[in-house]
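According to TrEMBL:
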type: DOMAIN; residues: 121-403; note: domain 'ABC transmembrane type-1'
type: DOMAIN; residues: 435-659; note: domain 'ABC transporter'
type: DOMAIN; residues: 731-1004; note: domain 'ABC transmembrane type-1'
type: DOMAIN; residues: 954-1183; note: domain 'ABC transporter'
type: TRANSMEM; residues: 119-139; note: transmembrane segment
type: TRANSMEM; residues: 159-176; note: transmembrane segment
type: TRANSMEM; residues: 260-280; note: transmembrane segment
type: TRANSMEM; residues: 339-366; note: transmembrane segment
type: TRANSMEM; residues: 707-728; note: transmembrane segment
type: TRANSMEM; residues: 774-795; note: transmembrane segment
type: TRANSMEM; residues: 859-887; note: transmembrane segment
type: TRANSMEM; residues: 963-980; note: transmembrane segment
Amino acid sequence: MFSNPLRWGSQSSYQQVAGGLDAQKCSPEKSASLFSKVTYSWFSRIIILGYKKPLEREDLFELNESDSSYTVCPIFEKQWRKEVLRHQERQKAQVSIHKESHAGKPSLLYALWNTFKSVLIQVALFKVFADILAFISPLIMKQMIIFCEHTSDFGWSGYGYAVALFAVVFLQTLVLQQYQRFNMLTSAKIKTAVIGLIYKKALLLSNVSRKQNSTGEIINLMSADAQQLMDLTANLNLLWSAPFQILMAISLLWQELGPAVLAGMAVLVLVIPINALVAIRVKKLKKSQTKNKDKQIKLLKEILHGIKILKLYAWEPAYKDKIIKIRDQELEFQKSTRYLAVFSMLTLTCVPFLVSLATFGIYFLLDEENILTATKVFTSISLFNILRIPLFDLPVIISAVVQTRISLGRLEDFLNSEEILPQNIETNYAGDYAVGFTNASFSWEKAGIPVLKDLNVKIPEGALVAVIGQVGSGKSSVLSAILGEMEKLTGVVQKKGSVAYVSQQAWIQNCTLQENILFGSTMQKQFYEQILEACALVPDLEQLPNGDQTEIGERGVNISGGQKHRVSLARAVYSGANIYLLDDPLSAVDVHVGKQLFENVIGSSGLLKNKTRILVTHNLTLLPHVDLIVVMENGRVAHMGTHQELVSKSKNLTNFLQVFSDKEDAHASKRINVIDSKTILEDQILEQKDRPSLDHRKQFSMKKEKIPVGGVKFSIIVKYLQAFGWLWVGLIVATYLGQNLMSICQNLWLSAWTKEAKHMTEFTEWKQIRSNKLSIYGLLGLIQGLFVCSGAYVLSRGSLAASRTVYTQLLNDVLHLPLQFFETNPIGQIISRFTKDMFVVDMRFHYYLRTWLNCTLDVIGTVLVIVGALPLFILAVIPLIIFYFTIQRYYVASSRQIRRLAGASRSPIISHFGETLSGVSTIRAFGHEQRFIQQNKEVVNENLVCFYNNVIANRWLSVRLEFLGNLMVFFAALLAMLAGNSIDSAIVGLSISYALNITHSLNFWVRKACEIETNAVSIERICEYENIEKEDPILFSGTLQMNLDPLDKYSDSELWEVLELCHLKEFVQSLPGRLLHEISEGGENLSVGQRQLVCLARALLRKTKILVLDEATASVDLETDHVVQTTLRKEFSDCTVLTIAHRLRSIIGCDRVLVLDSGRIIEFETPQNLIRQKGLFFAMTTKAGLTQDSETKNKFL
């Protein structure tokens, strides 16, 4: 089903937060002069500031309003809605004409074009102008060579040519940098728009779509596929620019060499189809690699979320092997891709040579009287140098288009996924009931088996309703149905008023405790404090380091499970909703705390007494105090009525309700008569208030992304080179030195050839030497090709070795970090190391090193050639080189820190995205989708600000470096003109053609040196983990058998045995695949109670002598709990069992009880002795009704 355009909201939902932009440092770009704009001088203050001190976020210039996510997202969203509507209209038209609908989807590409076409056309115009200017330079050089050949014409016109050449190359610099500025920012805006659309879609996905798109896959869409779209946009103009430059070069070459240029075109025609075949192969590899990457991120996220389980079971090696196996497959794809890249390298380096060789050879064959002159050779060489870049760009852009088509397809599939249908629930209902089901059946999928069947329930306004039943009976599903999270198959569902939801697994945000409770609402101090008191959070605030301003870690890792549920309950109460859906919130808290929560919040005298409350619970002692009881059994309402009605009408139900009372009586002999001491608990707590907590682990705040300052240590690059392999490093230096040397020899050979030809007295003498000269020229090219292929092969081998070593070391380091690290570091930060930073190691860093090495050798060779031809050039080069390094020092200091800030700003995007996906049901229940969309735009905008400053910093550098390069061109041309008759025209052509090339080479050289340092930050971030000295039931995606026995050590019979012990055998036998039943990501296709029992079975299977049970049965019904506890005492009577439980009945039969308060051991004795001592444990059992005391005997839990 396609997206419903009406669900996407209006532009008003994207209103910027007041004071957000104005309060920051506004960019002076708009108010700058024309000169300042084209030279980026307005940005100099940031560069100078960055040189003086490490830049911070507050130092950066803000985005122009038109570039911010607050402006970009709503404009693009509007176009996407139009495209969805247009597609639906086309489908209707096809149905009316052809009586059937043809498959198809709304086009994301078309929506992007409609949004950004004006700026894309503007960028294209800059590119056209820059390309035309690039071809004027060789024509001016041609005139200069002609000028030198005709000594009688010597005069001031020679200096005019030098000035004209400088003016053209400088104008080209200014135009090209404007093109780059608009091009990069436009591509970033496209990525921003797509991320915004992905995020909003993720909030609207139906349950079926969520199953089809795992959290890892959705995050990969945002990080990898949106990035791929951005990369293509940055190179989009090459699709027409590369052919345009090739045609321009060929037409000018025709003027120099005539029909012989057709030979060069023939070489191109042969190369392009091969490039196309390479691109097709890359497409297939990319598709496989993308699927592989999704699997890797998905498993990695599950490992990090369940790291406590992995460490407790010592499963790190097993799961490390799983990840490494997937990673090895990815590296195999990378190996194939890099070997294909050898051909691209050959194309870049050798095709211009092959074109010139074929052209010169045919030029001689066409007419024996044809002679190569300096004018023809060096004008042609300059044109061939221009030709080299589009020839390289063309296969790259073809490959990028192929890869982006895959990403576009994935994005379109996701954006057109099925959404939750608002018509599942009638929300404008104005009847007498708060919630009503009429003959309603539900499933998790449209064509799926009904999970809830024939519901007929009417819940009056202001009623307290208890939903009870055994594990898997459909209790939580009833709440999901009310929220609209399930597919309605039949019947009617009506709901009146707003909803607040407390999920069975408390969802906590990575922000302060106060922000978690307020949840976007304004502070009402008195009401807020009343809620803290009612939800029993006041004692916790006194223990937290910063009270309610304490930052809660990702997924609430630095607070207990009970605290999470109380914060979640407080959030719901503060919302002031009409209907409260409470999914077993009391199971994770102590008995006396649960009693307090029921009395002060949920019950008839609590804060919610006038609200409609639907409470899923296993605590049957609460039932006499509710207005209505709904008993679920196999997805149906088995019984419904008040407690008195149900007890009087159904004997079976009466037995069911009384079963635990009977079990309680069995322990009566163990109970001890005690005197009234109802204030002991309060006294004990008060006594502890002034004591510092020893539980320092819980006091850690979530660590923000560490932003290093200063230069990257050289040792970081050495580490990468060690992983690369010193042998491969040496071979790369040798091969690149060889290919650059061969390139210089080719041009020197042509220069000598033309110089010699100029002094030939007879044509026969020229005819005799040309075959020999052409053969040697061809041999030099062949040797260069061998060096290129060898260098590319060695680079592939070394970079693959480095990728494998760095990833393995990172994974090993992360898996062996202490648990405290995972409790204080957001998962998004860790995932970012494996995605963005490893992407740099896999794809970019070796490329930057190779390019920098090549540019270094190229610059050295160029300077040596020009100085050899024009010795006085050294006087101009020395001061210009000093200026180069001065500019580089200023730029690197600022750029490095901006890159680091950008890297740190990426993690919050991933963390916020993951946090949203895990809490999407809660967000939708509260109706806070727009607020979270706004938050997403804020974190994306922060990253965009850093990107904007980085783009401008690069343009600032390029203008200045290329200006210095332009001066070198001017000095080379001027010296050639000053030399006059004393210099040969071949030397003039050689020196100026090299000078024209040095502008690009020097700029590239400095840029790549900066890129190496700034991208080394990724390796630095990876290496950070080398030096660093749960209650939630965690399941991993895969089969049930894999979850029980990931190491494959036990037989099927042993698995069935533990399933029977955990009361799961019948349930598993009812599954289609039984032990091979697929568990979805995080175990979402099982109830929380079933997940807990699977985790318990996993523990029992190990037959360990020490068994740790951390709230192992908190989310199961009391009957199942009793069966499991009985089984544990029988089957593990010879084991040491450590039980952490809020249900005191679970531990009353233990040999010893250890009582903790505020991180201190208060009591440690047998349960009987603790009760006789009348201490803290005694007070807790008294309030739980486990001791025979006159005041507490008749109280509920």
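Cβ atoms here come from the backbone N, Cα and C positions, even for glycine.
TrEMBL does not curate its annotations; it predicts them automatically.
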Report summary line: If one takes Cβ-Cβ under 8 Å and requires six or more residues beyond its ends, the residues near the transmembrane segment (159-176) are 38-39, 126, 129-130, 133-134, 136-137, 140-141, 143-144, 147, 958-959, 962-963, 965-967, 969-970, 973-974, 976-977, 992, 996, 999
Report summary line: Given 119-139, 339-366, 774-795, 963-980, the one sharing the most C-beta pairs under 8 Å with the transmembrane segment (260-280) is 339-366
Report task. Report, as numbers and ranges, which residues of the same chain sit near the transmembrane segment (774-795): CB under 8 Å and 6 or more residues beyond its ends. Result -> 338-339, 341-342, 345-346, 349-350, 353-354, 357, 360-361, 364, 728, 731-732, 735-736, 738-739, 742-743, 745-746, 749-750, 753, 846, 850
Report task. Please work out the mean pLDDT for the residues of the domain 'ABC transporter' (435-659). Result -> 86
